[in-house]
Amino acid sequence: MEAPTPLLLLVLLTTITFFTTSVADDQTAMLALAKSFNPPPSDWSSTTDFCKWSGVRCTGGRVTTISLADKSLTGFIAPEISTLSELKSVSIQRNKLSGTIPSFAKLSSLQEIYMDENNFVGVETGAFAGLTSLQILSLSDNNNITTWSFPSELVDSTSLTTIYLDNTNIAGVLPDIFDSLASLQNLRLSYNNITGVLPPSLGKSSIQNLWINNQDLGMSGTIEVLSSMTSLSQAWLHKNHFFGPIPDLSKSENLFDLQLRDNDLTGIVPPTLLTLASLKNISLDNNKFQGPLPLFSPEVKVTIDHNVFCTTKAGQSCSPQVMTLLAVAGGLGYPSMLAESWQGDDACSGWAYVSCDSAGKNVVTLNLGKHGFTGFISPAIANLTSLKSLYLNGNDLTGVIPKELTFMTSLQLIDVSNNNLRGEIPKFPATVKFSYKPGNALLGTNGGDGSSPGTGGASGGPGGSSGGGGSKVGVIVGVIVAVLVFLAILGFVVYKFVMKRKYGRFNRTDPEKVGKILVSDAVSNGGSGNGGYANGHGANNFNALNSPSSGDNSDRFLLEGGSVTIPMEVLRQVTNNFSEDNILGRGGFGVVYAGELHDGTKTAVKRMECAAMGNKGMSEFQAEIAVLTKVRHRHLVALLGYCVNGNERLLVYEYMPQGNLGQHLFEWSELGYSPLTWKQRVSIALDVARGVEYLHSLAQQSFIHRDLKPSNILLGDDMRAKVADFGLVKNAPDGKYSVETRLAGTFGYLAPEYAATGRVTTKVDVYAFGVVLMEILTGRKALDDSLPDERSHLVTWFRRILINKENIPKALDQTLEADEETMESIYRVAELAGHCTAREPQQRPDMGHAVNVLGPLVEKWKPSCQEEEESFGIDVNMSLPQALQRWQNEGTSSSTMFHGDFSYSQTQSSIPPKASGFPNTFDSADGR
């Protein structure tokens, strides 16, 4: 026999060594696991072969299975379990184990993990990375786990069939990874703190059973993705904040159980759902479903109470007029605000935004303008044969203008301006006043003969060839218009000449000391009482300031193409030459002075520190101000104008008479205030949430405040709040998760990731909002050096308090008088504060969900009526006649818009209507 070669001996020796080492590693891991159990199973002894221990299976001396379910085990799971490289199945469910679930990363053979119903308090970061063979992950009912996020590393576990993570304290949004999990059939995530929308990738999955019900803060968005989930058998989405209609589920031929109760769903129950043969159980109660009461098959178990159906008899249709209006709402995605008002089977019985004839039978006006609606214009509007006026302006509508509208014989006015419509411009009869400008940049220019497409006026008749009489009328109208335009221009030139003469005669001011101020007319709303700059007078204030009879000549402004030029002395006069007595506050960006005009209107004038402005150029500064002056939100302090004088820059804001939230929380006794009631505190918190929500997600772009704190939350006479100090606002670029920036903000309110890396996302503001909530609850400052170290940092201390709910009453502001009902509200706010201050940004909710949590608490008290807030700005590129025309147009139409105080569940309800031409962005300020 030939002797083995040295190479063969080396390979054999290496193999034996590796096998021996692997077995030894398994022995070490199993002994560590035995020590971590208290006590271990009785036969788990170091003196016996671990492969013979109860619940352990081996193959070739390597551990492949650990099965210890229902053994009443205590202790924890040793991290050495991650070295069992041949492990295929772990079953340790229904025990009393605690500690952290260790990492199983890179155990490529692992197929099953069962750890349900234990007392684990955490999950190792990346615990499930690299588990390419994993089929089942079940951690249900471990609700002591510290808040964590859905493990996105599961994207590599393409063999997964089942994920059970219900009641495990998951927070944040779901990653959009489910199209990568082609084998996934069961996804159970109920009873967590998941927020955000259903990921679109669910539509490309093969999921059969989807349980995502009972999220603490509630998921939101539509459920449209269900229409693509053709493998669905069971879908539990109840107890969330989903909105919009039920999609077409006719392709889900195996769907037998659909739970949609307790959401904000709207619209008509689709007929395809009524005929779905597989359906056996459905819950629709406690939503806002509209239209006919659906008639399901007798075999289907249905709960459907507490909706807004037009009839009480199943299968009975609504009146034609109601069905038409619901079709119109359908084009807009069935907005919740319409569902709340459009109830019953008579559209003339108090439906909002609908006006009827004197007989109370036919709709003659439909006013859906200035609500930020999305969607398209439904051609069903043409079925409203008596309709005279249709307002759809100031929304975000897309698509085309239906040609059916041109055949409405009663129609006299249609306004679709300030939308994003496209396609051809329909040719309306000459009797119809048709407005489509400004906005609608993609809308065609082939309008009728009666108006220029550039003006968006009334269009002429089709073709414009109705006879010689029509042509003569057109010529006459054209001549009259030309004469009026000429006279307006002539008057403007004369006016400008006279004003320049007066300016030269009475204001011997060095041209270098003349500033420019851009003024916007901010109508005071319920949030600012009489403290707003406009003081409730609207355009009258503008006229008073510019009238020669308004007082001293130093108050006479020169209008030049929309800009208003004033001497620096005007601001000196209204602030008593920037007297120390007029100082309202100081900040890193300047000093704020109280100012009072001759008519008694109060303003706040911020004199910017030169050092704070840095090297910012004049053109950049003006570009920023041009944006800030054109937008409004009822919970953001309004910037009214600015003045530039050489290197000095001044900002003019509305005045907020009740100071800031910090004064009412921490200095109320010294300042002679009464302590805030719980009602006032929750209302203020909701106002702030709505303002910041608008910055983050409801404006055209996303903006980050970066310095949210009580001193930047200002209060009006009715104690409604507005967010101020936008000197630090950062634009969040589209498509980027975060922005690297120079550190700004205030210690105590800085999110951990921002303080550590300087990378900022909207979750930085969410963290600061959580700190403010804690201050509202406790009456304590975010940082208080007068307290012992363990209590000086509010977030750290309060999060310890939250571990035991019974400790919360002891931590509250002693001025609060809380009954049982109030305490329930306090617990909700305390819980929200904890979520907002989670250490990991992805575990924090967005501000929209803060609004949804706080809204129902405020709704109980019905706080001060939120009046309509119209906002008007003068664009720097707009001529005076154009500005005056805008004011006239707004004055004739705005009074009928935006009635009522809408439900907290509609984030759009926190957006006041804007003047036409204003972008959907944000307004900011640092004054009072």
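Including glycine, each Cβ sits where the backbone N, Cα and C put it.
What you are looking at is a predicted structure, and each value in this text was computed from that prediction instead of being measured.
Swiss-Prot marks one residue of Asn383, Asn507 with the annotation N-linked glycosylation site, and that residue is Asn383. When you go through Asn144, Asn877 in Swiss-Prot, the residue listed as N-linked glycosylation site is Asn144. Listed ranges 526-556, 898-928; the one Swiss-Prot annotates as region 'Disordered' is 898-928. Cβ neighbour density within 10 Å is lowest for Asn144 among the recorded positions Asn144, Val592, Asp707. The number of other CB atoms found within 10 A of the CB of Asn281 (N-linked glycosylation site), across every protein chain shown, is 13. Spacing of Asn144 (N-linked glycosylation site) relative to Asp707 (active site, proton acceptor) is 33 Å (Cα to Cα, whole number). Below 8 angstroms of C-beta separation, residues 185, 190, 205-215, 218-224, 257-270, 272-273, 275-276, 283, 330, 333-334, 336, 849, 852, 905 of the same chain, each at least six residues beyond the ends of the repeat 'LRR 8' (230-251), sit close to that stretch. Looking just at the repeat 'LRR 5' (158-180), the mean pLDDT is 95. Beyond its flanks by at least six residues, the repeat 'LRR 5' (158-180) meets 111, 116, 132-150, 152, 186-202, 204-205, 207, 211, 835, 838, 840, 842-845 of its own chain at Cβ-Cβ distances under 8 Å. Other C-beta atoms found within 10 angstroms of the C-beta of Asn383 (N-linked glycosylation site) number 17, with every protein chain shown included. Cα separation, Asp707 (active site, proton acceptor) to Arg586 (ATP binding site), rounded: 15 Å.
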